[in-house]
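Marked as domain 'PDGLE' by TrEMBL: B:10-108. According to TrEMBL, the transmembrane segment annotation covers B:12-32, B:84-104.
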Amino acid sequence: MHIPDGYLGPITCAFFYLIMIPIWYKGIKELKKLDPRKLPLLGVLTAFAFLVMMFNLPVPDGTTAHMVGGTLIAILMDNPWVATIAISIVLVIQAIFFGDGGITCIGANCFNMGVVLPFVGYYVYKFLRNKVGEVIASGIGAYVGIVTAAICAGFEFGLQPFIEPGYCPYPFTVSVPAMAIAHLLTAGPAAAVVTAIVVWYVRKVRPDLFTSKEQQVSGVNA
Amino acid sequence: MNWQDPLVKKFLYVIIAMIILCPLGILLVWNYGDAWGEWDPQELAEKVGESKVSGMLHLADIWNHALLPDYDVPGWDDPFHASIGYIISAIVGVILCVGAYYALIKFVNPRATTG
């Protein structure tokens with residue numbers, strides 16, 4: 001899902017950088033407010049996200065896809081904004097040092113994998129967790145999050161020929177199904193299983209991370 | 001920051017295991033193509049015609065200073081060397097991510113990093 005340099009034109013790239021500036025600003029503000037006890041965990045989760053993206057998985061059509069870890073971070077931090085910051089750190093390092101994802105496309109890639117993915121995943125999880133439990137909800141959230149992000153990337157690829165020709169040559173009728181299928185079949189299930197297992201484990205060893213502020217307050221009063 | 005948190009330690013073990021196992025991420029897909037939309041621009045130009053991707057060919061080389069392009073040491077192309085290059089990339093990447101994260105925390109929340 002890392003859009004390389006050249007696939008999006010200057011207008012599209014600038015547009016996503018502009019969108020990301022206020023989101024990064026809000027993310028930094030949320031990071032300042034985050035419970036300091038959670039900061040080391042967010043640090044190792046950032047490294048975890050980097051590594052998990054190195055596990056390319058085979059897609060039946062001959063391409064590859066990988067999970068991202070954004071929904072997992074949003075759930076464990078109980079805050080999708082700080083997931084945006086963690087994933088953005090990873091994407092900037094991947095672009096600069098490893099040539100994975102374009103320098104010009106950092107805005108777009110951060111929007112897809114760092115905003116759409118954790119926000120969709122986190123709110124699907126929140127919507128479902130009282131209905132099916134935290135573990136199943138986190139798996140479904142991760143699945144829906146990564147597929148939605150992939151479809152967004154597909155639309156960016158596929159609208160490019162209509163905005164400025166000369167960059168991504170394929171229209172969205174080609175790019176959206178291709179991106180959706182890779183993540184529906186491969187990266188989505190992987191993200192669901194890994195996210196659910198980690199959430200299950202963390203919930204077992206650190207249930208305090210899952211009690212909301214209201215519950216903590218009422219617990220003190222009781 | 002308290003790096004002695006037992007959960008953080010568990011994640012450190014997971015990270016070490018993932019670094020050792022990461023070559024699976026290239027070996028399992030060795031005969032597969034690139035991810036959709038991540039093809040080499042020159043190859044794409046040959047396929048669809050240069051005129052259709054003129055802007056892409058212009059922009060594609062805007063950044064060619066990557067330290068470990070495609071998570072490999074340049075020239076280490078066979079599966080064995082590429083796996084070692086991949087592990088080196090994983091270690092470098094983890095150090096850079098944690099370093100950048102720590103620098104950011106120090107910048108936005110200096111009190112959290114002392115003690």
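Just so it is clear, glycine is given a Cβ too, placed from its N, Cα and C backbone atoms.
Beyond the ends of the transmembrane segment (B:84-104), by six or more residues, the same chain brings 15, 18-20, 22-23, 25-26, 67-68, 71-73, 76, 113 to within a C-beta distance below 8 angstroms of the stretch. When pLDDT is averaged over the domain 'PDGLE' (B:10-108), the result is 96. Packing against the transmembrane segment (B:12-32) from elsewhere in the chain are residues 71, 79, 82-83, 86-87, 90-91, 94: each is 6 or more residues past its ends and has a CB under 8 Å from a CB in it. Taking H, G and I as helix, E and B as strand and the rest as coil, DSSP gives the domain 'PDGLE' (B:10-108) the counts 67 helix, 0 strand, 32 coil.
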